[in-house]
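Taken from TrEMBL, the feature active site, nucleophile applies to C7, R13. Sequence annotations record features per position, and here TrEMBL assigns active site, proton donor to D117. Look at TrEMBL and you will find 1-143 tagged as domain 'Phosphotyrosine protein phosphatase I'.
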Amino acid sequence: MKILFVCTGNTCRSPIAESIFNERNELKNHCASSAGIATVYGSKASKNAVLVVNENLQKDISNRKAVQLTMEMLAEADLVLTMTSSIADMLLKEYPNDSIKIFSLSNYINGESDVLDPFGGNVYFYNKTFDQLKAMIIKLIKKLKEDEGK
């Protein structure tokens, strides 16, 4: 199963989500990637995103470049999980034929809130976002395991 995490600029939240999922995932044939809906060409992962991923996962994402979401990426993904309900709503309006696989991460796991956007904040906010995403992705993996067992 190809999971695509989507945020705005693909420099903070979705690369962190991708890193956490790929690090914690125990399911065979499940992998994650990420993209943004409004990327700046050539942008790299933000300094604080690099720091929190390195500190928490011992993974280096410093050379990772932002990826602009494309129709091809949506077509290839089995599940598209956005960082906010507003991004999910926008994608659902733009790509109604893909509505069965586009959700906000929070809605998909029956969560309560969108993922905090740490962009422009200090490392404290990035750590809060990392912790929020980690908890959500643990729930996501549990849900995927349960769904796979059905």
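A Cβ is built for glycine as well, from the same backbone N, Cα and C atoms used for every other residue.
Of the listed active-site residues, namely R13, D117, the sparsest Cβ surroundings within 10 Å are found at D117. With DSSP states grouped into helix (H, G, I), strand (E, B) and coil, the domain 'Phosphotyrosine protein phosphatase I' (1-143) comes out at 67 helix, 22 strand, 54 coil.
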